[in-house]
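Student: Below: one structure in structure tokens.
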């Protein structure tokens with residue numbers, strides 16, 4: 001791994017050149033702004049599927065406030081950091097090189113391990129959720145061995161899409177995104193005559209599951225930095241990446257609030273019904289069976305979009321780390337389509353190994369690991385502001401160092417709360433994964 005210096009050799013010099021950067025062939029920079037927007041959308045959100053638990057845990061008012069406040073507290077700061085550092089270091093190791101540049105190779109490797117584990121754990125959700133939405137139509141998918149074979153087949157199919165290249169993945173996510181968003185637009189229009197704004201104000205502070213509430217909000221509004229591991233494949237990242245992040249922040253917030261306001265305002269509240277998958281029941285109540293089936297199909301396909309986007313991020317991260325010498329050279333091998341062959345296979349294997357965990361355990365474990373990685377990113381961002389304020393940055397956060405530190409106080413406090421509310425089992429599993437990374441280094 002080399003010695004742990006306090007400043008990485010890859011930091012841009014006064015001419016904007018990075019002496020330690022890994023050159024990326026121009027013909028591989030194929031991702032334009034439209035596919036990039038949907039790649040970020042699926043890495044962060046994928047649609048309102050999964051936000052129902054916020055209403056079940058805390059009621060309509062706190063759910064609405066949460067999806068208004070948390071983007072300001074968390075999503076915007078994380079997106080701003082990603083825009084600045086992702087354009088400062090337009091390489092496929094993304095947040096790994098940010099931390100390495102500020103804290104040295106040792107902590108850069110820890111960042112890579114923790115964030116890769118978090119991403120793979122997160123990705124294990126999507127084949128499971130896909131089958132959960134289909135098991136009402138195909139009951140056999142609810143049990144093994146048919147379910148196990150279905151997970152294996154689905155993972156293999158989606159892994160093949162990643163093998164074919166980011167251009168294919170990008171345009172697949174556009175098609176899936178349009179199909180997944182449209183039924184909620186229709187549901188919102190149908191709900192208009194039945195809306196009762198007073199229903200949005202229902203709250204009972206004595207009956208709030210804060211752990212479920214915060215984990216649901218956090219899970220649905222993080223992973224903005226994942227796109228940084230694809231920066232080396234983006235066309236003109238200095239301009240394209242900040243624009244795409246700006247568009248997606250608006251896209252995601254509206255995409256959550258619109259169906260949330262429609263569902264809670266048009267139907268009498270039954271918090272017990274508000275859990276994962278309830279939007280399909282709402283679609284049937286507000287429309288007819290055809291809208292319910294459309295929402296269920298959209299939910300299933302949205303999970304496919306999130307899977308391929310997350311796997312792209314995870315596998316290109318491994319490729320970038322190998323190009324930096326942090327992993328064995330075979331991780332840097334590309335297929336004939338220019339994709340990270342070994343990284344894709346490793347990420348797919350991790351998904352299959354973790355797919356037997358429950359939904360709640362997966363969400364809590366990946367949130368726990370993700371929090372540690374984000375703390376390292378925050379430290380790296382501040383240190384680079386202090387040590388290299390004049391280093392070339394195609395995009396720069398318009399705050400002085402004190403302002404940047406102030407911007408990070410609320411998300412850091414949120415991280416502390418999320419970690420404090422984690423169960424002992426989740427903490428032990430997550431710390432065990434992190435300890436493995438320390439030993440591996």
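Note: Cβ is positioned from N, Cα and C throughout, glycine not excepted.
What TrEMBL shows for this protein is this:
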type: TRANSMEM; residues: 58-76; note: transmembrane segment
type: TRANSMEM; residues: 146-163; note: transmembrane segment
type: TRANSMEM; residues: 169-190; note: transmembrane segment
type: TRANSMEM; residues: 244-269; note: transmembrane segment
type: TRANSMEM; residues: 289-309; note: transmembrane segment
type: TRANSMEM; residues: 367-386; note: transmembrane segment
type: TRANSMEM; residues: 398-421; note: transmembrane segment
Student: Under 8 Å for C-beta pairs, could you tell me which stretch among 58-76, 289-309, 398-421 has the largest tally with the transmembrane segment (169-190)?
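Tutor: If we count Cβ pairs closer than 8 Å to the transmembrane segment (169-190), 289-309 scores highest.
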Student: Does the transmembrane segment (58-76) come close to the transmembrane segment (244-269), meaning at least 3 CB pairs under 8 Å for residues 6 or more apart?
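Tutor: Yes, these stretches are in contact.
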Student: Which sequence-distant residues neighbour the transmembrane segment (289-309)? Criterion: at least 6 residues beyond either end, Cβ under 8 Å.
Tutor: 38-39, 42-43, 46-47, 49, 123, 125-127, 129-130, 133-134, 136, 154, 158, 161-162, 169, 172-173, 176-177, 179-184, 186-187, 190, 226, 277, 279-281, 283, 351
